[in-house]
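Features of the protein shown, as given by TrEMBL:
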DOMAIN    2-256  domain 'G-protein coupled receptors family 1 profile'
TRANSMEM  24-49  transmembrane segment
TRANSMEM  61-83  transmembrane segment
TRANSMEM  103-127  transmembrane segment
TRANSMEM  164-183  transmembrane segment
TRANSMEM  204-224  transmembrane segment
TRANSMEM  244-260  transmembrane segment
Amino acid sequence: MVTILIFFHLTKHRTFIRAPQNHGLFILLIVNSVQLVFDIPLSLNFYISGYVNPPVASHCIWWTFFEYIIYVSSEYLLAIISLQRHIFIFHQHILRKRWICHLLHYLPLLFCIVYPTVFYIYAVLLYPCNNTQWDFSSRVCGFANCYLMYGSFLGTFDLVMNNGVPVAIDIISNTVLIARVFLQKRRVRQLSRWRQQRRMLRQLLSVSALYLVGWTPFLLVYIVNVLVDPTFLNYIQQNYFSDLIYIIYFFFPWVWLGFFPDLTGRIVRKCCRQRTDNVIGITPTRIVAESVL
């Protein structure tokens, strides 16, 4: 409901989408919406029935295929957004040249969608597999893709490049960005410029914090599983940490809602007005009831 409200608001305020610094966030919102529409119902169906339904290999293949693409696209988008914030805050003038804008802005965003799709077409759909390893009693079929279970190099590459690298880029880039913004504030005391930088920084940090809370426990255990002990915290990983990732997709629309103070204010005022109307409507009823008694 919140996502629909945001999209409706954006149709009337297209200047927000046209701003280059918001392109990555908007694509991330679309990816998040795809997750809510297509992936969440599959997980809900699993929790209701207690098993993967239908319990066939093709269902597991396509489920993992789309889920992995959504996960990795989101991680890379956040990493690219973190890097591009440095350009938009400190070097926005270089984007005035079209070829530089395409090279440093549009191509990285396109990479975030194309690369995961191509990688998982091979890893999930084309990698040799007899498809007898799926666990239909676990969510997402136990993430039992052959390239993860038997292809040690490809599984390690997936862990490092598709999970570890984007998270590391996000953490390092945000840390450096915070330091640069506050150092510049001390050198250049321009209130209007500081407000703009603070707004872009606040947007990025709110999204990054949400993703780090959702992903960090899962990734830490996953690293131990791949490099040290495959059974380490296996039950907790399958039943809790993998589900913790979903808080990203449920709360991300609310984070986006914070980008529009005017929309948030209207929602709050409308809710308060409805609450006041309900109180006013209940009070006369109480008075009549008490007078009858």
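The backbone N, Cα and C atoms fix where each Cβ goes, glycine too.
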Worksheet, complete the sentence: With the cut-off at Cβ under 8 Å and a gap of six or more residues from its ends, the chain residues touching the transmembrane segment (164-183) are 72, 75-76, 78-79, 82-83, 85-86, 89-90, 197-198, 201, 204-205, 208, 211-212, 215-216, 219, 223
Discussion item. Can you tell me which parts of the same chain pack against the transmembrane segment (103-127), counting only residues 6+ beyond its ends and a CB-CB cutoff under 8 A?
Written reply: 20, 23-24, 27, 61, 64-65, 68-69, 72-73, 76-77, 80, 83-84, 87, 94-95, 145-147, 151, 154, 158, 162
